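Have a look at the structure below before the remarks.
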Amino acid sequence: MNAWLLAIAVLLTLAMPLCMGATARGTAVERLAGLNLATTVVTAVLLLTAQGFGRSSFADLGLVLAVLGPAGTLVFARFLGGRSIETPDTSTRREA
Amino acid sequence: MNTATAQEYLIAVALVLVAASATAAALARDPVRQAVLLAVLGLCLTVLFTLLQAPDVALSQLAVGTAVTPLLILLTVRKVRRSTAARRDRDGREGSDES
């Protein structure tokens, strides 16, 4: 067992449950922070896997996730922001 | 602890993470929160596939589960909510006209 696999084990057992706890409670916007942190942790895990197993082709996964993760977070933030802007608009229309 | 034991431990941890996130996604009631949990489930599945030495499956799971599926769910939720709100507004206006 080399140090890379030990680092993967520490990240998977200690960091990922915390990220999942952050995404499992709170409002939808608060869950987004947990999702972003989980994306970062999984990127590190994938890069460590490429080093630990000695297969450099695994590093492509980490690079793809590093591109897709912030894009996914931006998509979520776009739709959640549109919803929270929409909500007071409909309530005022209903009051009027 | 040799490498094979460490690999089996990592696979077991990834399986537990997948089970926990799938249960959380199934128990969430709000579709928007469910979409966020579904993205986390996709990440856990990516880790599991990578540890099982299947990087191509993990790559497609990454592309579909992280970006495309939550985007489709959020688009659908938005469309459904908007049409429901418009119908409720129209019904409320007709009701106020009748009264």
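Placement of Cβ uses the backbone N, Cα and C atoms for every residue, glycine included.
TrEMBL does not curate its annotations; it predicts them automatically.
Feature annotations, courtesy of TrEMBL:
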DOMAIN    B:16-82  domain 'MrpA C-terminal/MbhD'
TRANSMEM  B:6-28  transmembrane segment
TRANSMEM  B:35-52  transmembrane segment
TRANSMEM  B:58-77  transmembrane segment
Same-chain residues at least 6 beyond the ends of the transmembrane segment (B:58-77) with a Cβ under 8 Å from one of its Cβ atoms are 31-32, 34-36, 38-39, 41-43, 45-47, 49-50
If one takes Cβ-Cβ under 8 Å and requires six or more residues beyond its ends, the residues near the transmembrane segment (B:6-28) are 34, 37-38, 40-41, 44-45, 47-48, 51-52
Overall pLDDT of the domain 'MrpA C-terminal/MbhD' (B:16-82), taken as the mean: 89
Could you give me three numbers for the domain 'MrpA C-terminal/MbhD' (B:16-82), the DSSP helix, strand and coil residue counts? 61 helix, 0 strand, 6 coil
